[in-house]
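According to Swiss-Prot, the protein has these features:
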- Gly24, Gly76, Thr78, Ser79: ADP binding site (BINDING)
- Gly24, Gly76, Thr78: ATP binding site (BINDING)
- Asp75: Mg(2+) binding site (BINDING)
Amino acid sequence: SQAALAVNISAARGLQDVLRTNLGPKGTMKMLVSGAGDIKLTKDGNVLLHEMQIQHPTASLIAKVATAQDDITGDGXTSNVLIIGELLKQADLYISEGLHPRII
């Protein structure tokens, strides 16, 4: 349904928004605080994706794809999340104009 599609795209875009500011040499650091109060500063997308407690199935699947990319090549976790988010953003625009999701 249209509502389910919107929720899935929104979850993917939320993950994209979290990682967007990490990309590149001027990327910002994120502070992770564990349940025990330990603090970790990082801008490594792979570390962030491993440490985040992602609940939504679509966002979790995207995180798994990105971390698999990083495990294989040693890089690219953040870029993968950003590209997937942009592809879904564009797909959402086409769908809102009446294009059927199967065509995309």
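Placement of Cβ uses the backbone N, Cα and C atoms for every residue, glycine included.
Since this is a predicted model, take the numbers as computed values, not measurements.
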Span of Gly24, Gly76, Thr78 around ATP - largest C-alpha separation, Å: 11
Residue, out of the binding-site residues Gly24, Gly76, whose Cβ gathers the largest set of other Cβ atoms within 10 Å: Gly76
Inter-residue C-alpha distance, Gly24 (ADP binding site) and Asp75 (Mg(2+) binding site) (nearest angstrom): 12
Lowest local Cβ density among Asp75, Thr78, Ser79, which the record lists as binding-site residues, within 10 Å: Asp75
Cβ-based neighbourhood (8 Å from the centroid) of the ADP site, residues Gly24, Gly76, Thr78, Ser79 excluded: Asn22, Leu23, Gly45, Asp75, Unk77, Asn80, Leu82
